[in-house]
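Trainee: Copied straight from TrEMBL:
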- A:97-312: domain 'ABC transmembrane type-1' (DOMAIN)
- A:12-29: transmembrane segment (TRANSMEM)
- A:101-124: transmembrane segment (TRANSMEM)
- A:136-159: transmembrane segment (TRANSMEM)
- A:189-207: transmembrane segment (TRANSMEM)
- A:243-269: transmembrane segment (TRANSMEM)
- A:289-313: transmembrane segment (TRANSMEM)
């Protein structure tokens, strides 16, 4: 067990190296640099001044040297300096990260809860009105763009009904106390997490339904019924756990896209997370931050994937044996 | 008080009333192409301690009859559309699903063909045995575990304590079938239905499993229905044999009489297709020509007429009904009737 864990986590290192090289190359290939934005904003036009800045930021060196220097500094946990916020990249990301992690976790929780439950109901009530309603709902939420869904939810629940805040993460200028603050964040979280979560919930619903129906056909389900177990006992004890495996696989594969989706949703709801930071940084060609976000987020996804693998390992004894 | 003059224990073949009495059950498949009769007015009886073998080729309605008895017909498309299934004095066909759940696994148990796929891969074999006990006869976790271990020892699983926590994929097919049997006998069922219990197993293991089932039957006095296409299994285990073809009973009798003198041409064909030690070496294995007709395309008259060596005009016009050429003997064949007449 420990060896498998070690091996699983060791696989992350080459993956991260690949991510760094690829994204570094991507940024090198894109037109313009943060110097252009900086000099334009400060209205600097003296070529000697620009040249001095190029040397200062090490941009006169060959690309390969820049890359190696970057990899080296990443290994020492130095992701560079953001000229815009005048802080280290790590500090900038560190401020935005918790918001995104909260949003991701909430979305995944919503997606799993709704998706698995709806999938189970659709499978148990297969070919009934419930199944049809759930399936139509799933197709709708799967097809609806998340930003559109976000805006619609915002219009209904924030603008028209006024139940929930329009955006942001906290009420500004109000002191709620520790407990009240948590509640305040949750109120702000509800709509963005729902917009993002419903899309994945739709997918999990479809997968869970199909997977349940597949497991229902297995011989051991007949054995369970032959034991005299009730329908609910058969579903919960025998079908559910076996049917959950494909959903867990999907979850692992999708952690990256959940992070990607949060970029959009954070922008819609002005959620102060990595997504908003990323968008700002791209706009201002703040490449050290862009690169830092990409590297750190791929690290998060890789670690989360390893954790999902371990969950899989716990769920299915057949994998443990190998 | 012990009555010495009368043995109250159920004896096979004695005049004790039947444990199970199935009366003219009919299973209909409701398909897009229309209604098909998968089991056509099948009647049978099983006494306590007695073993009835149901034989026939694949697709003749053996397994679906067993599922009908268990109330486990897969709906859609299969449904019990006629008949009674009386276990002791209760008609199971009239019970609600909830009432039937109390019967299944307790009074009436079933074991299936492939032990590897009939166990849940993500639960330990011990948990799966405990589950039946917990369903019908709940006790403390420790007591139920003890009983499960006792059952595992009873079905001769070596090192039961260690095996208790194993998953099905860690055991061999024979061991898994023993687990399945342990689950089936956990609540001392009155009747056990075994659907091809040895088909998926190695020949050497087959004999052990049959032996085990016979021992358990002798010990508990339960009735046993064995469904098989293997006449060797019938000869080894059964008291009586019922031959099915295309959803109908074509012949029934005690194993001795049917094996000594098979009446129905189909039964004779089955016997001819079983190799025996006295066969000519390198001689051709005889077979029944053709195959079981599809339910949707049963021939007019006797369903066997297109493969039957003794068929004559009447067989193509009318369906033969069951006649009783001797006590305890039934056969549905015009050729046999003609011979007897």
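Cβ from N, Cα, C; glycine included.
How about a rundown of where these features are and what they're close to?
Mentor: Within the chain carrying the transmembrane segment (A:136-159), a Cβ under 8 angstroms from the stretch's Cβ atoms is held by residues 118, 165-167, 191-192, 194-196, 198-199, 201-203, 205-206, 261, 264-265, 267-269, all 6 or more beyond its ends.
Same-chain residues lying 6 or more positions outside the transmembrane segment (A:189-207) and placing a CB less than 8 Å from one of its CB atoms are 102-103, 106-116, 118-119, 122, 134-135, 137-142, 144, 146-147, 149-150, 153-154, 157-158, 164, 169, 246-247, 250-251, 254, 258, 261-262, 265-266, 268-269, 271.
Among residues of the same chain six or more beyond the transmembrane segment (A:289-313), those with a C-beta under 8 A of the stretch's C-beta atoms are 4-5, 8-9, 11-12, 15-16, 19-20, 23-24, 27, 70, 74, 79-80, 82, 84, 89-90, 92-93, 97, 245, 248-249, 251-253, 255-256, 259, 274, 277-278, 281-282, 319-320.
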